Amino acid sequence: MNEAQRYKAILDTLAKTYPDAKPGLHFSSPFELLIATILSAQCTDKRVNQVTQVLFRDYPDAQAIAQMPSNVLEDYIHSCGVYKNKARNILATCKILVEQYGGQVPKTMEELTKLPGVGRKTANVVMSNAFGIDAIAVDTHVFRVSNRLGLAHAANVEKTEEDLMRNIPKEQWSIAHHWIITHGRQVCSARKPKCDQCPLQAECEYYSAAQQAG
DNA sequence: AACTCGGGGCA
DNA sequence: TGCCCAGAGTT
């Protein structure tokens, strides 16, 4: 099996194993996705959806949120993990959106990552899922799993993005992200991965290395 | 490069 | 009930 066939075999297996994988965050605008993605670190998508449904009902846009007292915003997002950091970043980001972008969300990596609380991963999520820009968001699950499998061979996130974009057909970038995350949560966990339950043993570089090591 | 954030999820 | 989550910012 050559490299191209190996990548295809991995993607086909992921597609069959996780047929229901899909984006988990609810949003109706780029702004809502930006805020939801900032909130989603260390927090389940389900809880973020609960929080944003109420937050956006009461404060629907950047102008409204930018004027919230920090303690009020903290109360809204209290159940989303690191809420004080997130509240401070969201307030600062909304003020920048209002003052510099007319309340809209910018579309480039350079502009997005200047916003407080927005790093490379969040910027890629917004670009690909809200603006339809070709991008792959590499979070820790995607980084770990794709490098274990050999979908990528990279020491850092940026290079992993390049490897994945080169090896995965563009039309599968979005869904592959969700296949890989699901696999990373359910099977290919950071500690004690369940290799005995993994349908990708035959294609996995991590597994074959572990077998050789004994 | 290591440390911090922090309530929630899960063993 | 106590450990781990996981991205971004800070030191």
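From the backbone N, Cα and C atoms, a Cβ is placed for every residue, glycine too.
Automated prediction, rather than curation, is the source of TrEMBL annotations.
Just so it is clear, the model here is predicted, and its values are computed rather than measured.
According to TrEMBL, the feature domain 'HhH-GPD' maps to A:39-186. Restricting the average to the domain 'HhH-GPD' (A:39-186) gives a pLDDT of 95.
A 10 Å cutoff on Cβ-Cβ distances gives A:CYS188 ([4Fe-4S] cluster binding site) a total of 24 other Cβ atoms nearby, all chains included. Per TrEMBL, the feature [4Fe-4S] cluster binding site maps to A:CYS188, A:CYS195, A:CYS198, A:CYS204.
For the recorded site, A:CYS195 ([4Fe-4S] cluster binding site), the DSSP three-state label reads helix. Least crowded of the binding-site residues (A:CYS195, A:CYS198, A:CYS204), judged by neighbouring Cβ atoms within 10 Å of its own Cβ: A:CYS195. For the domain 'HhH-GPD' (A:39-186), DSSP puts the residue distribution at 100 helix, 0 strand, 48 coil.
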